[in-house]
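Structure record follows, encoded as structure tokens.
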Number of protein chains: 2
Amino acid sequence: MKIIKTLSEMKSYTAEKRREHQTIGFVPTMGYLHQGHLALMQAARKDCAVVIASIFVNPIQFGIGEDYEEYPRDLTRDGALAESVGVDAIFAPSVGEMYPKGYHTFVHVESLTDYLCGASRPGHFRGVTTVVAKLFNIIQPDLAYFGQKDAQQVTVIERMVEDLNMNVKIVRVPIVREEDGLAMSSRNVYLNPEERKQALVLSRSLAEAKSLVEKGERDAKVAKDRIRDMISQAPLARIDYIEIVDGRTMEPVEILRGKVLIALAVKFGKTRLIDNVLLEV
Amino acid sequence: MKIIKTLSEMKSYTAEKRREHQTIGFVPTMGYLHQGHLALMQAARKDCAVVIASIFVNPIQFGIGEDYEEYPRDLTRDGALAESVGVDAIFAPSVGEMYPKGYHTFVHVESLTDYLCGASRPGHFRGVTTVVAKLFNIIQPDLAYFGQKDAQQVTVIERMVEDLNMNVKIVRVPIVREEDGLAMSSRNVYLNPEERKQALVLSRSLAEAKSLVEKGERDAKVAKDRIRDMISQAPLARIDYIEIVDGRTMEPVEILRGKVLIALAVKFGKTRLIDNVLLEV
């Protein structure tokens, strides 16, 4: 497996693969890989002749006071994990390589980013869409893989790709969970044992809401209240948001109909966790 | 010459050319072609196997109260002109094709767009960079041609291409002028005979400023004042801006050094004209 650190080397690597008519699959990550990331890489491995993963903790998607500096980094460990699932090359550029002096260009998806994490983290999605647009131009993948765990993120990226007529197909990969139900996240390492235990309420409350809807509930308020009641019983949980939105526009809905996303963000100590379930009602 | 109106047809046309390893040159325009546009197409013709021009009056780069509705349009005339200089295909999409319902994504270059036309026309360059990013993704040209007439525009686009790691080379083509010196512009047709006559003061005052600098003047204020004095003698002229900026950052300079752009925007009646001279001091 190759580890590539410069733009020019990355561009020439993929240019060669394109000349050989090899399908390129791309998995952008911020590293500190877990089973969720590996599932993306495995999906790419199944579909594509060449699999490239990027590992880049993108400063412009972190807000002031967020965990950019502390975000866990371990390229040696990540390299071994990526290699174990058959990744061909890792792109791990420096911040200076991605945002040199005089950098001034940003890609922004409006409206969809006004809700959920976009409301809690101003500027976050602008940072995400900008770095993903850059990575798509550098790597020019045929397919790119994103986790349903970050449901708003993948929806925003699909919107960007469609709006800007980008030549890449976005593949959504289902959430990977720990055996007890906690959604995999690089941030889970921050949790102390008690927080880790109480964090189970997220997936459980979503499962309960899903079950309510399957039994016929269509009132968003009823479903959200049930989730809120359950989470409130975890004394360490501080709710950021519990929301039910249209799966495409991310706008809150009152009545569940069509594709809807039930999404939540909850803090345990300093650790902010997200989880969601996408339903076709 | 082909006239292509849909995204899908345009994408498959250029995909075929790429498969045949043909170099694609692209000239984006808003139509109502004049010798300035034709110079871009001729430059592309010289460099490239395939030359594609777009004709699209881009609504999102016009401000409220600007001339989007009245902007001159004549696809038959434009087609004949483009064909006369050897253009292979014109891409003339509808507004609905470019900005369908639910469109939400914008590309913005900060800082460089705070000055000159960016200051006078808020949102203008965001519209330009967004449509050009889309057109680059649709056509995937090897080279794209822009006129030095819109000096800030080409600088902003170069910035976007570099920042977002786009795979296209930007070629600047010198300003084409009428025999008496007026810079070619689709908006010149708006001028009445008296305005047309007085508009000559733009190129003349820029030539005078250039001559001052060539004789050793390095004080931006002196050069700008000379231009202002000359233009003020045209009774129909209303100055929007006269500015001297760094040729790369577009930031105003006080002392002329390195690559500097002397740029101005002046209104005659409802018609806003721009002109500039780029100097290496």
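Placement of Cβ uses the backbone N, Cα and C atoms for every residue, glycine included.
TrEMBL labels come from automatic prediction, so no person has curated them.
According to TrEMBL, the features are:
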ACT_SITE  B:His37  active site, proton donor
BINDING   B:30-37, B:147-150, B:Val176, B:184-187  ATP binding site
BINDING   B:Gln61  beta-alanine binding site
BINDING   B:Gln61, B:Gln153  (R)-pantoate binding site
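Distribution of TrEMBL features across the structure.
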residue	record	DSSP class
B:Met30	ATP binding site	coil
B:Gly36	ATP binding site	helix
B:Gln61	beta-alanine binding site	helix
B:Gln148	ATP binding site	helix
B:Gln153	(R)-pantoate binding site	helix
B:Val176	ATP binding site	coil
B:Ser186	ATP binding site	helix
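With a cut-off of 8 Å between CB atoms and residues at least 6 apart in sequence, the same chain places B:Gly147, B:Lys149, B:Ile175, B:Val176, B:Ala183, B:Met184, B:Ser185 near B:Gly36 (ATP binding site), listed in sequence order. Considering only the recorded positions B:Met30, B:His37, B:Gln61, B:Ser186, B:Gln153 ((R)-pantoate binding site) has B:Gln61 as its nearest partner by CA-CA distance. Checked against the residue listed as 'beta-alanine binding site', the recorded positions B:Met30, B:Leu33, B:His37, B:Ser186 differ in C-alpha distance, with B:Met30 being the nearest. On a Cα basis, B:His37 (active site, proton donor) lies 10 Å away from B:Ser186 (ATP binding site). Per-site Cβ counts within 10 Å over the binding-site residues B:Met30, B:Leu33, B:Val176 peak at B:Leu33.
Rounded to a whole value, the Cα-Cα separation of B:Met30 (ATP binding site) and B:His37 (active site, proton donor) is 10 Å.
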